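Worksheet: one structure, shown below.
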Amino acid sequence: MAARDDASSPLVERLVLALNGRRYEVAAAELEPSTTLLEFIRTRTPFRGPKLGCGEGGCGACVVLIAKYNPATDEVTEFSASSCLTLIYSLNYCSVITTEGLGNTRDGFHAIQKRMSGFHASQCGFCTPGMCMSIFSSLVNADNSKRPQPPNGFSKLTVSEAEKSFSGNLCRCTGYRPIVDACKSFASDVDLEDLGLNIFWKKSDRKPDVSKLPSYTFGGGICTFPDFLRSELKSLQQHTDDVNTTSSKEGWYQPRSIKHYYELINSTLFSESSVKVVIGNTSAGVYKDHDLYNKYIDIGGIPELSSIVSKSEGIEIGAAITISRSIEILEKESKSMSSPNGSVVFRKLAEHMSKVASPFVRNTASLGGNIMLAQKYSFPSDIATILLGVGSTVCIQVVGEPRHVTLEEFLEQPPLDRMSLLLSIFIPHWIADSQTDSSLVFETYRAASRPLGNAISYVNSAFLGHVSFDESSGDHVLNNLHLAFGAYGTEHAIRARKVEKFLTGKSLTASTIHGAIQLLKDTVVPAKGTSHPEYRVSVAVGFLFSFLSAHVKGIAYPGKTFSASSANSLDMIDIYDWPLSSRQETISGDEYKPVGEPVKKYGVELQASGEAVYVDDIPAPKNCLHGEFIYSTRPLSFVKNITFKSSLSSQKIIAVVSAKDIPKDGQNIGSMSMFGDEPLFGDPIAEFAGQALGVVIAETQRYADMAAKQAVVEYDTVDLNPPILTMEQAVQNNSYFNVPAVFYPKQVGDFSMGMDEADHKILSTEVKLASQYYFYMETQTALAIPDEDNNMVVYSSSQYPELAQTVIAKCLGIPLANVRVITRRVGGGFGGKAYRSFPVATAAALSAYKLQRPVKMYLNRNTDMIMVGSRHPMKALYSVGFKSDGKITALHLDLVIDAGISEDLSPVIPSGVISALKKYNWGALSFDIKLCKTNNTSKSAMRAPGDTQGSLIAEAVIEHVASVLSLDSNHVREMNFHTYDSLVLFYPASAGKDSTYTLRSIFNRLALTSSYLHRADTIKQFNICNKWRKRGISCVPLIFNVSPRPAPGRVSVLKDGSIVVQVGGIEIGQGLWTKVQQMTAFALGKLWPEGCEGLLERVRVLQADTLNLVQSGVTGGSSTSESSCAATLQACKLLVSRLNPVMNKMRLQSGTVSWDNLISQASQENVNLSASVYWVPEKGSNSYLNYGAGTSEVEIDLITGAVTILRSDLVYDCGMSLNPAVDLGQIEGSFIQGVGFFIYEEHQTNSDGLVISNSTWDYKIPTVDTIPKQFNVEVLNTGYHKDRVLSSKASGEPAVVLASSVHCALREAIRAARKDFANSAESGTSPLTFQLNVPAPMTIVKELCGFDIVEKYLENLGHKPASGA
């Protein structure tokens, strides 16, 4: 170890770590201290498993396992961590395991990877490596515990832990259910029969056995810390006391004492440098670095910050102790406490902390760091609030001396600078007061958009006190109260002192609570500009009410749920803790084997092992540069000038590419569709916030990202009209795009006549639907490489490489033949990687063209969310006429759609909306549709575009009619189902034959299998029994119009009998390659009696290449898999026709003919073994209808507005599924994505139209803790469909629409609440009439139930406020 003494800490000249068992040593001078572990792995090693999904610790795509060894105790500590936040220098002499280290193609795959594959738990695959590592970490931790040994083949993990093991990992494809099953298969208490569809056993198998699963080695089966590193560490320990003490010329300092820290801070080293003090660096996920740092001080090695001292009066935890370790300490302490009453404080603190962040962030985030964020930046910390609630104190070092202050005083101090160090947090023991015969009560609360999965609270609280019974009054009395509130829009958590004082010693009655609440509302006052201020105050009131009402007679206590039926034992458990369960019904067809069988996804093990190559995984070519967009933050403004701040990041800029760099023969074009073009750069006018103005080029992606933040754009709005940012402004200004007549939907019947026939009318009622961001796990990315003779090769993550090629060629002014776009696989698309991928590919190509060097652009999550666009927001006004029995006679819709700045695909959206709306027979249907041009990012097609919104509008109308007539919604639905004749009237081009109209039978089947009527009755009883929780249930039907498009295909057989297939469709996770592989094996297997056995494994599907297979078209609309399969089938038939004569000749000579011999002979006879086709749908089969139905049951918490989906049942007609496992995954995944749209995902912009919900912190897609507690899916096999590809039907998009069942069930639950609290409805309106827009998150649910329901409830008890309130 080369070290030397100077003014700094000992200088270590190298960084040493193990990665997947290999030793890596890097000279410190070669590695910047700001380098993250993820960047190190992906740029300096061959491993690509950990992915960059968000850079915030918010998605789990980059999760790895870190192991640290303590030579003194000879112990290895293992934990999962976000490699995107972990700084590489903090891992000197540590071991890191990525998913490649678990298993890979060469060494064989790990049981986790095999089970993820076998349970069909990976679709696009981008999140899968991180999922595998989170599961592996959970298994290792469970197996290291002191629990009893599990049965052979299992781990010590429990089913409950399995469900939470990846609670911080995001997946946009699967809907999580199969991942849960894969993880639960390791649990010692699992019933294997409960697990879902898999390749290891069939449902018909009598008793699944663990021996059928890929074998699991107890403890994980992986050496997490190699012997060579142990030896090195032990050797270092003997030679120096400064193990792990590192600093470098580049500035990584690790002081070993408080004294040393202050010597560093006060030295000349930091006089002019940018320094950052870190422990786990997780704060960088919340508060992004705005510039590079060249000096870091890692204080994690200071002993005083890592000490744990248990005293009689409490426990002191060092500030550098991680949150996960703090949870362990508190749990251990609570179990060891003699007073059962006292242990509740530590136990509940630990329980609450386990809901903060995610496991892989808690493992590296320090307890002190969290509190410092609350103190310095007003971070809405749950931990600061709950520690304040138990009267914690802190020890801070201010230069020369340690000082002890209360946490309350600490939070109130001005933000600490680096001259002050937080050393430790002291949590006192609390026990019952034996002198006053009182019990200790302690509760913590949080209202957050997810129960577990990494969501900041809207408001949190912690309440502690002693409660005693006053025999004279017969009431309970509280003393020693601590009432802490935080996150409600305050600088820091506070104690509600006036409320504490008011309550102390008083008899707890309804009037006392009412008085306390009035005082609380004067105390909890959100700061100006806080979002949802009324909501936060109302929830704070609800929390206090929940705490106090438990001790008052005659008050309905929110903490207890009463079951309508004592048979349901689940109702005795908090619904958040209900176990997840599921049922899948699929039918495998054997007529076209292996088509119709649930074979595992093509290449799925490669996805699980991290070996599947996405664009950013392609090794950077020599001299490769990286780019990041500079974008406008203002709409409709002249861009006068762009300069850069003087900063470390700005020094990294190599070039800035802008409109002036477009070649003279080229065009300023970044995207195009059949309806119009969109410029690449806003020049000279930025038309919308988020428009590209230029590209910053630097040596690394991190440098480029950071440098782009330094841009200072000077705007001018002289002589420009105000921007149009809303649909209302567009209507006022007549700012519209034209919808060509061929795309404008057809009206049905005579609206006026229909209204004349009606007994009742509802006029001009509004429904608003907001936008939704794609949130593919892999952001937009492209790699452009200049090639010889003015050519350009572009690797693009795109659903439409063919049109990307055209846009790039137009921008550069070169022929299409000079542009080659290659796409192997895409890490999720959902429509967002079609037209919205072009600007990134084009910008990379332009930059590479200018600089004549390869350029890669991989958008960071914030930029992607701001620039790319999203689903179309809409506003609908409906007028409907109907009979008294619920039969609707006429519907008129005024629909306004925000298309954004360019046409993109927007002119086709109206037809999608109306097509979905037509699922009911409205009698007469008329509409007026306006497609608004606004100064917002272009909206584009997103999974089930138009249909998703249209279906919800249809259900809103149906439920409104049912509400007016006081009829069951399902009765009104069925009353307005189509007859076959009306179906043909509404869908003339796609209705098909009478026998294919399966909706009525599907709807009836769903009502039966989901026990709809019984559950609806049970819910009524539940709602009567429960004041503060309400449930709702709803069924919705689905009719989805699918239009297959032409597709090319080529099947080639090589000399050794292996088969390569090329199709126009892109594998984006939808299983297209898998279905093509099956189709190839089936079609070529026709050549001999034994069929396709063994052929499946010999088929390889090749990446899309625009110069290799032309006319590939767009992958979208759910039909590309079947079109690609149709093309493959046609090509295979050509090959079979060529091979048959050879086969017949050989059979005459030798009887049986093997595949290999057949191909060898055909090759010798010069038979063309490559067949290319261009499949075009026949006239009668270019449009058809898909049918399905879904029912969902939800429960809402009236105190917080939190929504829990208790159960969802889906029945879906797939025709004869090409692969039931793939189709089931598509149905489940699209349903959960729909749940996100209808309930959770709030796409928000500022007053300039700039997207502000631009990170995992602000935008919440569904996580495993928000999916239905019971999720049942039946994939119907409805037999022969002459015009379909082997009788199959599409599955990718339609089920999104079924998620409207959750929204409708939510409306029913809210209606039950409003009925119960009818007095709180607005005067003059029925409490049962209200508008529930999309999305409907907890803040909206609470508002519609009433912000004042607690106060009204207390007033209705007939009590007046207590004196002194």
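Here the Cβ of each residue, glycine as well, is placed from N, Cα and C on the backbone.
Summarising the annotation, TrEMBL assigns domain '2Fe-2S ferredoxin-type' to 13-102. The annotation [2Fe-2S] cluster 1 binding site is assigned in TrEMBL to CYS54, CYS59, CYS62, CYS84. Per TrEMBL, the feature domain 'FAD-binding PCMH-type' maps to 245-432. The Mo-molybdopterin binding site feature in TrEMBL is assigned to GLN799, PHE830, ARG943, GLY1117. The feature active site, proton acceptor is assigned by TrEMBL to GLU1293.
Looking only at Cα atoms, GLY1117 (Mo-molybdopterin binding site) sits nearest to GLU1293 among the recorded positions CYS54, CYS84, GLU1293. Looking only at the domain 'FAD-binding PCMH-type' (245-432), the predicted model's pLDDT averages out at 90. Of PHE830, ARG943, GLU1293, all annotated as recorded positions, the residue with the shortest Cα distance to CYS84 ([2Fe-2S] cluster 1 binding site) is PHE830. Spacing of PHE830 (Mo-molybdopterin binding site) relative to CYS59 ([2Fe-2S] cluster 1 binding site) is 18 Å (Cα to Cα, whole number).
In the structure as shown, the Cβ atom of CYS54 ([2Fe-2S] cluster 1 binding site) sits within 10 Å of 26 other Cβ atoms. The DSSP breakdown of the domain '2Fe-2S ferredoxin-type' (13-102) into helical (H, G, I), extended (E, B) and coil residues amounts to 19 helix, 34 strand, 37 coil. The [2Fe-2S] cluster 1 site is set by CYS54, CYS59, CYS62, CYS84; from the centre of their CB atoms, other residues of the chain with a CB within 8 Å are LEU38, LYS51, LEU52, GLY53, GLY55, GLU56, GLY57, GLY58, GLY60, ALA61, SER82, GLY130, ARG861, THR1256. Neighbours of ARG943 (Mo-molybdopterin binding site), defined as other CB atoms within 10 A of its CB across all chains, total 27.
Reported as a whole number, the C-alpha separation between CYS54 ([2Fe-2S] cluster 1 binding site) and GLN799 (Mo-molybdopterin binding site) equals 21 Å.
Distance noted between the C-alpha atoms of CYS59 ([2Fe-2S] cluster 1 binding site) and GLU1293 (active site, proton acceptor) is 24 Å. Annotation for the residue listed as 'active site, proton acceptor': same-chain Cβ neighbours under 8 Å, separated by at least 6 residues, are ARG943, ALA944, ASP947, PHE1040, GLY1117, SER1118, SER1230.
On the backbone, the CA of GLN799 (Mo-molybdopterin binding site) and the CA of CYS62 ([2Fe-2S] cluster 1 binding site) stand 24 Å apart. Sequence-ordered, the extra residues of this chain that approach the Mo-molybdopterin site, with Cβ no more than 8 Å from the Cβ center of GLN799, PHE830, ARG943, GLY1117, are GLY829, GLY831, GLY832, ALA834, ALA941, MET942, PRO945, ILE1068, THR1115, GLY1116, SER1118, GLY1292, GLU1293.
Neighbour counts were taken as the number of other C-beta atoms within 10 angstroms of each residue's C-beta; across the binding-site residues CYS62, CYS84, the minimum falls on CYS84.
All protein chains considered, the CB of CYS59 ([2Fe-2S] cluster 1 binding site) has 29 other CB atoms within 10 Å. Of all the Cβ atoms in the protein chains shown, 28 others lie within 10 Å of the Cβ of GLN799 (Mo-molybdopterin binding site).
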